[in-house]
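Asks: Per TrEMBL, the features are:
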type: ACT_SITE; residues: 20; note: active site
type: DOMAIN; residues: 107-307; note: domain 'ATP-grasp'
type: ACT_SITE; residues: 147; note: active site
type: BINDING; residues: 258, 274; note: Mg(2+) 1 binding site
type: BINDING; residues: 274, 276; note: Mg(2+) 2 binding site
type: ACT_SITE; residues: 285; note: active site
């Protein structure tokens, strides 16, 4: 990696108004703090609002570190604005972000490229009461949300009714388009990719239920096993699949691929669920955790992501 110029004017864009606002603020503050600790003298934290273009025009940054999560920082909207303003920024670009945030579009691109993903069925939330879209147990998730927002596991024993009642209250109620996928029993795993290298495999063991929003962002709710204690062929298959997905989507900087593995099925039970183009960047998030496992400090990780965005080579 080329040596980055620590005199550059950096804006860390964070916050916003998505359901992941608080996590984004933690990511942004962590990134800004790491840069200042490493000697960057011109770092400004910007809590994004609808006047962000005017704010950026006044600050005239050399680069924006995109620490936003969810809409509009992860779906191509902010990326398009920065492209129009000709401001370099970290992580993936407009088209990659717009595709990756949409779970159905992601499948259409990745499955033909050789990535194993669960078959999904699209359904309008208002039609759920007409009958199950696929046999139970299955997972219902909004088409274009992250961090397990709006996700529900529907089983014969669930409290959603069978069939789901017209007036049933569920996590999906705030969303119009849903994706139904077969529930895959087994292990919850994740792989971070930095630049052009898959880092390692982490197993996620939530203390209760599944790996939902609260399990992800509440301290002590989930045990991280890094590196995951899985057979080497399974670990390698995940590393290969995550890197293939990163490349096929055209991701830049860091991405994180989430998996489920049914250990009774061997490698055939391994499925990629989704690719996160704006993964959490708090010092305790999964990507920094895997980077540390590979001997990369949090501050060095942040600098590598910036270096790639500036065209100083891949984030190796």
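Placed from the backbone N, Cα and C atoms, the Cβ positions cover glycine too.
Note: TrEMBL annotation is automatic and uncurated.
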Asks: Taking residue 258 (Mg(2+) 1 binding site) as the reference, which of 20, 276, 285 (the recorded positions) have a CA within 10 A of its CA?
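Replies: Of 20, 276, 285, within range: 276.
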Asks: Write down the Cα-Cα distance for residue 285 (active site) and residue 276 (Mg(2+) 2 binding site), rounded and given in Å.
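Replies: Distance (Cα to Cα, whole Å): 13 Å.
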Asks: Among the recorded positions listed here, 20, 258, 274, which has the most company in the form of other Cβ atoms within 10 Å of its Cβ?
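Replies: Per the Cβ count, the most surrounded site is 20.
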Asks: How far is it from residue 20 (active site) to residue 274 (Mg(2+) 1 binding site), counting Cα to Cα, in Å?
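Replies: Cα to Cα, residue 20 (active site) and residue 274 (Mg(2+) 1 binding site) are separated by 17 Å.
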Asks: In this predicted model, what is the average pLDDT of the domain 'ATP-grasp' (107-307)?
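Replies: The predicted confidence over the domain 'ATP-grasp' (107-307), as a mean pLDDT, is 90.
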Asks: Three-state secondary structure of residue 20 (active site) from DSSP?
Replies: coil
Asks: Through the lens of DSSP with three states only, how would you label residue 285 (active site)?
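Replies: In three-state terms, residue 285 (active site) counts as coil.
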Asks: Just the number: how many Å between the Cα atoms of residue 285 (active site) and residue 274 (Mg(2+) 1 binding site)?
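Replies: Here the two Cα atoms lie 17 Å apart.
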Asks: With DSSP assignments reduced to helix, strand and coil, which class does residue 274 (Mg(2+) 1 binding site) get?
Replies: strand
